[in-house]
């Protein structure tokens, strides 16, 4: 039957399990990951904000990354934990729209920011004499603002498109949070062409950013390998590798989530993949950035 979006008051999120004990296990597991993300990102934000030695472009962008990570994990995980604890599945229509908006906004802004961070590493290693002028305080603030603003625009477009579609497949979302691909499965098949167009547009923007990151790093590594001193090479690699690991983790999980063939699609696999790209990076990024970093330690 054709159910009009305006008459829908809530959606049903996927339960991790039917049994109370496993529900509680899921709650404690998510709580542990969430607290780790809060602690790690909170520490990085505090340290960078308070220590004036760390008031450099690289750390300014890292502070922004931690803020985005905190926001992204706070959009999905607390609601899922609450549902497990109260043994419920519902999320209100407005809550679902808010989740889609904030999640897309924060994840898109994070990707744009990672692109800016690759430019920062490129300038630092390939054009060190121009670093102060190309990455002045004003330039950094402008770049960070552009990343956040682009995230908001991306989210507005996707949220508006997704929630303007008529739904005819019920209200059960096969995911622990409101995720666009799962919401599209609920829409009337003929009408999601618009959102597919939007996804295509976003994919081309993401591809451009990704090409930019790859080209930056090809130049960075060729410059690093030409360095005469072993110590200089080691230091340059140490500042670039964390960023590269974060980008790889981010891109590989997101690509797998969006482009895996439907034959491979099963609720449990979708769930694992979504946890990988939405929950794990915010918790792991602070570790990746601080493990090899003497200044942060």
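Indices start at 1 and increase along the chain as displayed.
Including glycine, each Cβ sits where the backbone N, Cα and C put it.
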Quiz item: TrEMBL lists transmembrane segment for one of the ranges 135-157, 158-180; which is that range?
Solution: 135-157
Quiz prompt | Distant-in-sequence neighbours of the transmembrane segment (135-157), which means Cβ under 8 A and at least six residues beyond its ends | solution = 57, 60-61, 64, 68, 100-102, 104-110, 112-113, 115-116, 119-120, 123, 198, 202, 205
Self-check item: Range from 90-114, 199-224, 236-257 with most C-beta pairs under 8 A to the transmembrane segment (269-291)
Solution: 236-257
Quiz item: Under an 8 Å Cβ to Cβ limit, what residues of the same chain, 6 or more beyond the ends of the transmembrane segment (199-224), are close to it?
Solution: 108, 111-112, 114-115, 118-119, 121-122, 125-126, 154, 158, 180, 233, 236-237, 240, 244, 247, 251, 258
Self-check item: For the transmembrane segment (236-257), sequence-distant contacts whose Cβ falls under 8 Å of one of its Cβ atoms, 6 or more beyond its ends
Solution: 58, 65, 107, 110-111, 114, 117-118, 121, 124-125, 181, 210, 213, 217, 220-221, 223-224, 227, 270, 273-274, 276-277, 280-281, 284-285, 288-289, 291-293
